[in-house]
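Taken straight from TrEMBL:
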type     : residues : note
DOMAIN   : 1-398    : domain 'Major facilitator superfamily (MFS) profile'
TRANSMEM : 12-34    : transmembrane segment
TRANSMEM : 49-68    : transmembrane segment
TRANSMEM : 75-95    : transmembrane segment
TRANSMEM : 164-183  : transmembrane segment
TRANSMEM : 228-246  : transmembrane segment
TRANSMEM : 258-277  : transmembrane segment
TRANSMEM : 289-307  : transmembrane segment
TRANSMEM : 313-334  : transmembrane segment
TRANSMEM : 346-365  : transmembrane segment
TRANSMEM : 371-392  : transmembrane segment
Amino acid sequence: MNTKLVRNNVWLIYAYTFATGLFFDRALWVLFLVERGMNMAQVGLLESLLHLAILFFEVPTGIVADLYGRRKSLLIGTFISLFYALFMMISGNFFTFTLAFALMGLSGTFKSGASQALLYETLQAGGKESSYTKIMGNETALFLLSLSIAQWTGGLMAGTSWTLVYSSIIVAQVVALVLVWFVKEPAREVPAEQAEQTGKKSTVQLWKGQFADTLSVWKKEPSLRKPVVLFVAVVTIMTVVIFYAQEHFKRQGFSTGEIGFIFMAEALLSAAAAKLAHRVEEKIQFSKLFQGIYFSFLLLLLVFAVIKGWMAVFLLYAMGMLSTGLEPIFSNFVQAKLTAQVRATFFSMISLLTSFGIMLIFPLYGAVVDVIGFTYSFIGLAVLLVLVRIVIRRPATV
């Protein structure tokens with residue numbers, strides 16, 4: 001792939017990422033569900049169902065991306081996301097909401113591993129893979145920028161009509177479909193012997209072999225195990241904090257408009273952290289940097305649990321910047337240890353682990369909040385991070 005095609009691909013991926021991030025209900029969907037009569041336990045259950053869908057489909061859709069193409073996987077995932085917005089727009093009961101959330105989960109599985117694999121292999125095809133952390137940081141920053149815009153404008157739209165919120169999501173996803181259609185997927189080099197063997201296998205054999213090859217990476221690369229588990233822990237906890245913080249701040253007296261602004265600013269600050277992550281990565285060894293981020297996040301969460309008002313908002317910003325800044329650094333570390341044949345599937349397995357954690361914690365957390373409130377519930381999340389770190393005692397040698 002020549003330099004011009006690499007550049008065009010990167011810009012198309014940037015634009016696609018921005019468009020696909022325009023979910024105008026991002027900071028408000030909990031409030032939307034509450035307005036529709038859902039309690040906190042039901043909200044938690046719906047989020048859990050979303051991650052249950054991810055749990056079932058994450059690895060199979062990662063295999064689709066590895067075997068049949070990253071671009072095709074992104075097209076399918078973006079198309080499905082249209083129906084999430086449609087069902088949310090017309091839903092009025094718990095059952096229909098479950099369909100919407102299941103479709104959202106399925107959509108995400110087609111996009112998760114494929115997106116990172118496509119970006120890395122685009123850069124690799126042009127001999128630019130050393131720029132991956134920087135480029136992915138830019139991509140993450142654009143995604144968060146689009147989310148922040150969506151959060152702010154979504155708050156304004158919600159004041160007029162929830163139908164406007166979800167119809168705008170549909171328009172944005174159609175634009176994303178058009179953009180990814182024009183992406184040129186780089187050819188993957190496959191040894192002739194392997195290609196010949198692949199041609200003789202049935203679809204079932206191909207899928208089984210793909211799954212076995214991905215598991216072998218976990219066995220052969222012990223340096224991946226501890227970072228993966230700790231990364232999943234941070235992302236899982238941050239996801240829970242972000243979504244329940246909507247109701248947490250509302251109970252403290254923040255208005256819907258203020259909550260929309262808070263999460264818009266959180267996304268912008270996290271975008272800046274992602275964009276600058278490569279500079280930090282260049283100066284600090286991965287294992288030391290990873291441990292520093294993990295323990296800083298843990299400390300901030302403990303303080304966040306007991307602080308109220310705008311100080312709690314600033315602590316949320318700091319946690320968001322740490323977790324988001326970690327993503328491109330962690331992704332680059334993992335990418336360097338993978339081959340093209342298993343890249344999307346392995347990242348899908350990481351997403352699967354994250355979704356499994358969220359699926360377990362989210363509904364339980366909602367039920368606990370209904371009983372004991374947010375303060376002790378947030379402390380419980382911090383304790384969980386401590387327990388994970390105790391189990392994963394020593395940092396991996398990197």
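Using N, Cα and C of the backbone, Cβ positions are placed for all residues, glycine too.
Long-range Cβ contacts of the transmembrane segment (258-277) within its own chain (Cβ-Cβ under 8 Å, at least 6 residues beyond either end) map to 26-28, 31, 133, 136-138, 140-145, 147-149, 151-152, 154-156, 242, 246, 249-250, 313, 316-317, 320-329.
Sequence-distant contacts of the transmembrane segment (49-68) (same chain, six or more residues past either end, CB-CB distance under 8 Å): 76-77, 98, 101-106, 108-110, 112-114, 117, 206-207, 210-211, 214, 341-349, 351-352, 355-356, 358-359, 362.
Sequence-distant contacts of the transmembrane segment (371-392), counting only residues of its own chain at least 6 positions beyond either end whose CB sits under 8 Å from a CB of the stretch, comprise 226, 229-230, 233-234, 237, 240-241, 244, 248, 251, 294, 297-298, 301-302, 304-306, 361, 365.
Counting only same-chain residues 6+ beyond the ends of the transmembrane segment (75-95), those with a CB under 8 A from a CB of the stretch are 20, 25, 29, 32, 36, 38, 42, 46, 61, 64, 101, 103-104, 106-111, 114, 162-163, 166-167, 169-170, 173-174, 176-177, 180-181. Residues 9, 12-13, 15-16, 19-20, 22-25, 28, 32, 71, 74-75, 78-79, 81-82, 84-86, 88-89, 118, 150, 153-154, 157-158 of the same chain sit 6 or more residues outside the transmembrane segment (164-183) yet have a Cβ under 8 Å from a Cβ within it. Model confidence over the domain 'Major facilitator superfamily (MFS) profile' (1-398) is summarised by a mean pLDDT of 83. Same-chain residues lying 6+ beyond the ends of the transmembrane segment (289-307) with a Cβ under 8 Å from its Cβ atoms: 227, 230-231, 234, 237-238, 241, 280-281, 315-316, 318-319, 322-323, 325-326, 329-330, 374-376, 378-379, 381-382, 385-386, 389, 395.
When each of 228-246, 313-334, 346-365 is checked for Cβ pairs under 8 Å to the transmembrane segment (12-34), 228-246 comes out on top.
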